[in-house]
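Summarising the annotation, Swiss-Prot assigns domain 'tr-type G' to 8-282. As annotated by Swiss-Prot, GTP binding site applies to 17-24, 81-85, 135-138, with the evidence given as sequence analysis.
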Amino acid sequence: MARQFTLEKTRNIGIIAHIDAGKTTTTERILFHTGKIHKIGETHDGASQMDWMEQEQERGITITSAATTAFWKDHRVNIIDTPGHVDFTVEVSRSLRVLDGAVTVIDAQAGVEPQTETVWRQATEYKAPRIIFVNKMDKIGANFEYAVETLNQRLGVHANPIQWPIGAENDFTGIIDLVTLTAFEYDGSPEEKGKPIPIPSSLQDVAELKRNELIESLSNLDEELMLLYLEEKPISAEVLKKAIRKATLQASFFPVLCGSSFKNKGVVKMLDAIVDYLPAPCDVAPIVGIDEKNKEITRLNSDEEPFTALAFKVMTDPYVGKLTFFRIYAGKVNSGSYVFNTTKGTKERFGRLLQMHANSREEVKEAYAGDILAVVGLKGTTTGDTLAAEGQTIVLESMNFPEPVIEIAVEPKTKADQDKMGIALSKLAEEDPTFRVFSNHETGQTIIAGMGELHLDIIMERLKREFKIQANTTAPQVAYRETITQETETEGKFIRQSGGRGQYGHVWMRFEPNPGKGFEFVNKIVGGVVPREYVPAVQKGIQEALAGGILAGYPIVDIKATLFDGSYHDVDSSEMAFKIAASMSLKETKTKGNPVILEPIMNVEVVTPNDYVGNVIGDLTSRRGRLENQETRANAIAIKALVPLSEMFGYATVLRSNTQGRATFIMQFAKYEKTPKSITEEIIKQRS
């Protein structure tokens, strides 16, 4: 089957925003207007097409990124609708990794919110061009100019309206297109695409002023436009559109549109903007990877190049089994083809190729550069792996994911569910790189760890619904870590003689702090005092010992271990003896390395009416919070603070009580910090 849409006529975009800004409703309207669905489902009714998981429909939030494909004006638009809740930020990150551009949705009344800043930062990391849709213009308190101001102030970007609203709140009736200087009126019916009307006389001067501001702003980024502007020549819609596209693709300019997705106002114009201003795969830089010799390899966005793709998501489908979502950067692939997983060095066979629409699917036989699809049948491929044509060695840059910060113990209610639970949790961990499963060696309990209480709530619900496993959980625990703060040299010597062959392993290690770099092992042995074949055993012995901690049994992080001396016995030395000797040397750091316990510190932002600011600040301070910033937003005050996670359990209830239910808060991981001495002593006491 030949390619249906050229690369120039393809768009790969994400819908990103703070929770409740209207991302999923916006996506639903896009699907309706492009003919992908024929009945609009509402998020608040639990009938959204894109929020297909039961938990999403019940809670009215997006939990997992959902992919779909729509068609508009001879273009194929691949869309990924992403979550807005901070616990599911990883879904945004891995989606943006494979997308070429994004629509950022913001609330016209709230403007830029905390999670808007997070997803914007993620999109900036991936250099994704964006257009901005100021949604909910019909909402009480909607203020387009305020929303645009927050974009420039809080995000520090060059955002400029290319549309202007006609009215606001209940009086929001239409938009003015500043590029063409035409106006459109909406009656709110689902089929309404906007009726052309003359620009209202009360807004004629405003429209001309805002168009001039748009031209002036763009002229600093576009030479052709600058010459026309300086010579005071008329600037046509075509010239202006071309300048907007060019600056948007460079991510130096962000066009701002407006509307109300729920009331079907402005969505069609946003679809036009996606096609007009966001990049095609051939507009972005060729993908760069490395080969087995660490040399750079470039792949052009072309069907003629060798097949190169990135797996960005794994999920289990109840009907077809394990699905691997991937983006093709170069070349083409057929169902049934053999490909090479260059990250893991394994061969894989593509089963069925599927074009996804949320959780429904359409089978295709062939896929091309620029396509985003799912495939059935990959056995060992996980998120971040590179897939390439056989014989190719290119490895693309993978993805980095944050460490979990909260954990709970899980116990099945029946013995029969014990094995089933292990398999189910492994499947869920395969899907979600920020979810971890491990065993507590002291208690034998199964521990699950994630990004927040909601994250783990969803995992437990999925365990119950999808895998039919009933389980009990403990109260959430903080995922503490340990590290050393002082360089030290320690000896580990393991000798055992019990008739016949004995055991002998002996190492001298240098341990030093390695802030932010994780575990690093260096072999500095000279002269063979520790034979080469035992060095991997030394490294493994230390790595295994790191998991058990030295102060309170929490994993040790950010440590550099250098093997510099030791000895061996011709007969009695073994890998096991050197593993044990290495772990003994690590335990010595308890007295010599000045070890400390690290706790997760959270960025907390509380938005509260002015009347309750004192209550909120007092409470945050009592939780060992450090106030960072305070700013006025619309009719409220936003308070930013750094607070230890251990102090934040149950905060939602207390905040509700302190502010009569009128404040909201958002919390996300910031960093790990050393615990105060009194807290350290308390933690060690509890663990012992």
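Backbone N, Cα and C atoms are what each Cβ position is placed from, and that goes for glycine too.
Overlay of Swiss-Prot feature records on the structure.
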| residue | record | CB count, 10 Å |
| --- | --- | --- |
| A17 | GTP binding site | 30 |
| D20 | GTP binding site | 19 |
| K23 | GTP binding site | 28 |
| T82 | GTP binding site | 27 |
| M137 | GTP binding site | 29 |
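Summed and averaged per residue, pLDDT over the domain 'tr-type G' (8-282) gives 86.
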